[in-house]
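Colleague: Mind looking over this structure? Questions follow.
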């Protein structure tokens with residue numbers, strides 16, 4: 001077992017050996033559990049050098065996003081527990097303060113670290129505690145608005161932050177925007193290559209600090225001519241060092257030792273290779289950013305043949321529709337692959353943009369498009385769309401603009417855990433006046449809903465939510481069998497008696513599998529309610545159960561209760577959904593069971609509910625055995 005205790009007196013040769021051990025451990029575990037492989041393989045040397053110089057038990061090290069935290073976890077006394085990575089009851093794939101006091105600040109979304117570190121630094125100063133506060137920031141997160149806002153505050157707050165800018169040219173997919181282009185130019189410039197050699201030379205001299213400082217000063221002006229992006233660091237009051245080789249341990253240790261006692265803020269620009277040391281991840285770092293289980297020898301993923309994800313089907317459907325509708329325009333936030341839009345971007349590049357990790361800008365950009373008559377479709381994961389709530393309200397809904405939100409990863413996403421579960425989108429969109437929320441229950445239903453919303457010109461703020469899930473299917477068959485439907489109308493799948501279960505989207509299958517002798521309704525449209533169908537259900541059933549893969553507070557079930565109460569229809573109603581707590585990580589099946597949304601739990605809860613309300617009634621009606 002390797003820990004930070006072994007780093008202080010370690011020589012560079014020891015650190016190189018440790019790096020090999022860590023990479024083997026990461027590949028071994030991630031191949032079995034899935035996880036963020038490429039980014040973690042890229043920061044092994046960076047983390048070892050950083051933790052040799054800055055002790056995380058004494059100093060504060062904040063990892064932005066923290067999906068690159070595996071080496072950190074291994075070194076901070078979790079080597080043995082690492083085999084439980086992302087497993088239910090095991091350690092998280094992200095930093096979380098609930099897991100270790102050395103996970104100084106929890107994360108999962110990009111761009112939070114600089115702001116958090118500024119707050120930590122200010123608090124420690126007020127408490128009279130002198131500590132170094134270090135931020136490890138990815139170049140993808142540098143384009144995020146919260147990061148830029150926080151960098152702008154460094155000087156006015158008299159900060160002494162040490163910021164390590166981990167530049168691998170990627171966030172999840174290829175980075176976009178002027179800053180990323182500027183960094184790419186700098187990474188490949190002759191000045192950078194010269195810089196590397198000069199710093200190595202400086203480090204080889206005994207009077208390390210003086211020589212390194214002189215070489216850095218001598219190169220500053222030559223570096224500036226290659227990149228305007230570097231200038232803004234100094235304009236913000238930060239000293240800038242680099243770029244430097246993020247895999248050269250001797251170089252990194254020397255630089256970190258030099259900046260340790262700086263009494264002013266500094267950015268160390270470190271260039272790393274995503275997937276370093278594992279050829280399949282080096283060659284396909286996008287796939288191995290967040291990979292499923294794979295064969296560690298070949299790098300081939302362990303996937304079900306003939307299965308499609310909802311994201312793939314969404315992307316293919318949108319492309320087919322856009323080929324005949326020239327007003328459709330696709331937008332994503334650093335997720336062209338994850339949202340299924342890669343093929344769209346290649347086929348219709350003039351009607352696609354990836355704006356990077358800028359969810360707020362994506363939504364307002366879409367509003368601008370809509371204001372001139374285009375029909376933008378914003379594809380963002382549910383958890384990340386939370387960041388743009390104000391723009392949805394202020395820029396889209398308030399102006400009655402026509403924007404479709406493809407809310408990917410809605411519901412419980414599994415092993416990525418509480419920072420990534422998409423359980424708040426129903427509650428958020430329900431609060432937006434005149435919004436429409438659709439929840440298809442299958443791949444075929446997703447094709448039908450998206451096609452109907454587009455071709456029938458469903459206007460306003462439109463959200464279509466679908467899960468991180470795969471199903472057996474062939475897209476051509478799904479497309480050929482697709483049809484226009486009334487997306488606002490609920491579907492009565494099965495007629496029962498006395499109790500009706502209103503299931504939102506993909507919860508339909510779990511309700512059907514519960515084998516209840518009940519009326520089962522597919523709530524395809526969460527908002528507005530299908531009042532005609534709901535009134536019919538209320539008139540013919542004594543009890544109503546709602547089931548949704550979202551939070552109960554503010555969710556679909558509450559809208560049903562409000563509807564019945566407003567009309568004086570006193571009914572026995574049971575609401576099922578995500579309870580008032582954050583859901584941990586684990587497989588989707590394990591988490592559904594934890595939240596009592598699996599078929600067996602749904603059956604047991606309905607039977608118990610009926611028994612409590614009507615004596616032995618549940619024995620007669622609650623469960624139908626096959």
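Backbone N, Cα and C define each Cβ position, glycine as well.
Straight out of TrEMBL:
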| type | residues | note |
| --- | --- | --- |
| BINDING | 67, 108, 109, 110, 140, 141, 168, 278, 359 | thiamine diphosphate binding site |
| BINDING | 139, 168 | Mg(2+) binding site |
| DOMAIN | 308-474 | domain 'Transketolase-like pyrimidine-binding' |
Colleague: Pick from 139, 359: which of these binding-site residues has the biggest number of other Cβ atoms within 10 Å of its Cβ?
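Modeller: Per the Cβ count within 10 Å, the most buried is 359.
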Colleague: Given the binding-site residues 67, 109, and counting only Cβ atoms in the protein chains shown, which has the most within 10 Å of its Cβ?
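Modeller: Per the Cβ count within 10 Å, the most buried is 67.
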Colleague: How many Å separate the two farthest-apart Cα atoms among the thiamine diphosphate-binding residues 67, 108, 109, 110, 140, 141, 168, 278, 359?
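Modeller: Output for thiamine diphosphate binders 67, 108, 109, 110, 140, 141, 168, 278, 359: max Cα distance 32 Å.
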Colleague: Same chain only, sequence gap of 6 or more: which residues have a CB within under 8 Å of the CB of residue 168 (thiamine diphosphate binding site)?
Modeller: 39, 42, 138, 139, 271, 272, 273, 274, 285
Colleague: Taking the Cβ of residue 140 (thiamine diphosphate binding site) as the centre, how many other Cβ atoms fall within a 10 Å radius?
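Modeller: Taking all protein chains shown, residue 140 (thiamine diphosphate binding site) has 30 Cβ neighbours within 10 Å.
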Colleague: For the domain 'Transketolase-like pyrimidine-binding' (308-474), what's the model's average pLDDT?
Modeller: 97
